[in-house]
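**Q** First the structure, which I've put down as structure tokens, then a few questions once you've had a look.
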Amino acid sequence: MNITFLGTSSGVPSLTRNVSSLALKLSQSAEVWLFDCGEGTQHQIMKSNIKSSQIKKIFITHMHGDHIYGLPGLLATLGLSGNSEGIEIYGPSELRSFINSALKSSFCKLSFPLHFVEVENFALKNKILFENNKIKVNCACLKHKIPAYGYRVSEKDKPGVFDIKKAESLKIAPGPIYSELQQGKKVVLPDGRTFDGKEFCGPPREGESFVYCTDTVFSESAVSLSKNADLLVHESTFSQTDERMAYEKLHSTTIMAAKTALLSNTKKLIITHLSPRYTNKNSITPGDLLKEAQKVFPNTHLAKDFLTAEIK
């Protein structure tokens, strides 16, 4: 899996950073999942390597405008293109009425179905939000001025590496049988021989995991959600020097994000959702924010618009 940042600014866009949105590309799939959709997200998608027609699920963290104002426009554009077969939208309970109202008021009729999933009960009861044979999604309540939710996407373990040489030495002809063996299935060859796929595969490979947490002040639930994750994307609206403001507005400082990564044993942290007050022309720069976080959690990286990062 990999992610592409489509917006990394907090509150309002700047000349170099749009407001919040992130695209997740799934492994061995053309499917894309979108996390938050601030104003201008569809323009950002056009400038990226993401195809809007591949978006199948949208996860919204909370109802502040810098995370949702791009949704009606994106959905309307997808409707005009006729490429979408339907989209699942996960988020707070108010999200359905916001989207339906915006579409109805602008006389927009979509050519595809929307399926809404309210996430609050899943977060409160620690229930799996979505699951198939390859992946599952969990969510958790964060700590912000309005209800906000973090999301975790976890791949299930993958089959071990297939030993082609062993198969060849046993004169098993290449073809669909190799795929069945790699999946650990038992197969019967035309000559009557029977093989168990487990004999040809190494130990299962651990699936990748990605966590997205914004908006929130430091939260123990974010730590729990991020436990042993490969990649945590966490908001860092404020510098540590503005910690008081962070508590007032219930946003995170760089240190809070780094502490979340450290306590959760996350492998890699990327900080995002930066306040526009921090620019290269001001006394505190985005580079300074990165250095603050790295003092607590060395494997920290700084998000920027259109940055693509592998989960592992």
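Backbone N, Cα and C define each Cβ position, glycine as well.
Below are the features I grabbed from Swiss-Prot:
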BINDING   His62, His64, His144, Asp215  Zn(2+) 1 binding site
BINDING   Asp66, His67, Asp215, His273  Zn(2+) 2 binding site
ACT_SITE  Asp66  active site, proton acceptor
**Q** Quick check for the class: what is the C-alpha distance, in angstrom and rounded, between His273 (Zn(2+) 2 binding site) and His62 (Zn(2+) 1 binding site)?
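**A** With the alpha carbons as reference points, the distance is 14 Å.
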**Q** Are there any residues in the same chain, six or more apart in sequence, whose C-beta is under 8 angstroms from the C-beta of His144 (Zn(2+) 1 binding site), and if so which?
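**A** Correct list: His62, Asp215, Thr216, Val217, Leu250, His251.
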**Q** Where does Asp66 (Zn(2+) 2 binding site) sit by DSSP, helix, strand or coil?
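**A** Where Asp66 (Zn(2+) 2 binding site) sits, the three-state DSSP reduction gives helix.
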**Q** Suppose we draw a 10 Å sphere around the Cβ of Asp66 (Zn(2+) 2 binding site). How many other Cβ atoms does it contain, all chains included?
**A** 22
**Q** Let me spell it out: for each of the binding-site residues (His62, His67, His273), count the other Cβ atoms within 10 Å of that residue's Cβ, using every protein chain shown. Which one has the most?
**A** His273
**Q** Counting other Cβ atoms within 10 Å of each residue's Cβ, which of the binding-site residues His64, Asp215 comes out lowest?
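**A** Lowest Cβ count within 10 Å among the binding-site residues (His64, Asp215) is His64.
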